[in-house]
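This report refers to the structure that appears directly beneath it.
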Amino acid sequence: MARLHSAVVLALALSSLLTEIAADCDVVSKKQWDGLIPVHVSYLARPVSLVIVQHTVTPFCRTDAGCEELVRNIQTNHMEALQYWDIGPSFLVGGNGKVYEGSGWLHVGAHTYGYNSRSIGVAFIGNFNTDEPSGAMLEALRSLLRCGVERGHLAGDYRAVAHRQLIASESPGRKLYNQIRRWPEWLENVDSIKNA
């Protein structure tokens with residue numbers, strides 16, 4: 001019984017610490033969006049030098065309540081239907097211009113097979129073959145990445161790529177892809193990171 005009590009106390013302390021880390025970068029924490037506790041976690045070696053941008057191919061969200069509901073639904077689908085340990089992306093960006101904690105800065109996500117243990121995956125909520133990413137969404141991601149560098153989660157010379165460059169996918173959708181490929185951190189030729 002004492003062992004179980006210790007494990008619960010440790011889990012609560014860790015959850016509190018992770019909430020503080022998420023809040024540190026103006027991120028809506030998993031606790032704030034009422035997310036589930038991961039079944040298991042593996043830790044990323046930091047700083048991470050690769051950011052993979054994708055989209056969720058779900059409805060677009062514009063309100064806090066709508067985005068939180070979509071993030072909860074994505075997590076439930078990932079954990080129940082796909083048997084992931086947690087929600088796949090490290091972070092999600094809503095149409096309300098807010099960033100939602102997924103697996104976060106510290107944990108290995110489940111967003112890009114073969115790259116999860118060495119990258120942060122950021123998913124824009126919506127289908128960006130049809131939806132247009134707003135300036136607020138793009139700035140929310142830029143702000144998150146700046147904070148990640150400042151806090152030592154991301155390497156100062158990190159590179160950003162699209163999900164479609166690494167696996168057979170249309171993700172992050174052509175409209176979002178056309179925006180992010182203009183960024184100075186953009187890596188056009190991914191040969192150097194494939195199967196590294």
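Glycine is no exception: its Cβ is also placed from the backbone N, Cα and C atoms.
Within 10 Å of the C-beta atom of Cys25 (disulfide bond) sit 20 other C-beta atoms, taking all shown protein chains into account. For Cys25-Cys147 (among others), the entry in Swiss-Prot reads disulfide bond.
Within its own chain, Cys67 (disulfide bond) has Cys61, Gly94, Gly95, Asn96, Lys98, Tyr100, Ile125 as residues 6 or more apart in sequence whose C-beta sits under 8 angstroms from its own. DSSP assigns Cys67 (disulfide bond) to a helix. The disulfide bond annotation in Swiss-Prot covers Cys61-Cys67 (among others) and rests on sequence analysis.
If you look up Swiss-Prot, you'll see 46-173 marked as domain 'N-acetylmuramoyl-L-alanine amidase', on the strength of sequence analysis.
The signal peptide feature in Swiss-Prot is assigned to 1-23.
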All-chain count of other Cβ atoms within 10 Å of Cys147 (disulfide bond): 17
DSSP three-state assignment for Cys25 (disulfide bond): coil
Across the whole of the domain 'N-acetylmuramoyl-L-alanine amidase' (46-173), what does the mean pLDDT come to? Round it, please. 97
Cys61 (disulfide bond) CB neighbourhood, other CB atoms within 10 A: 21
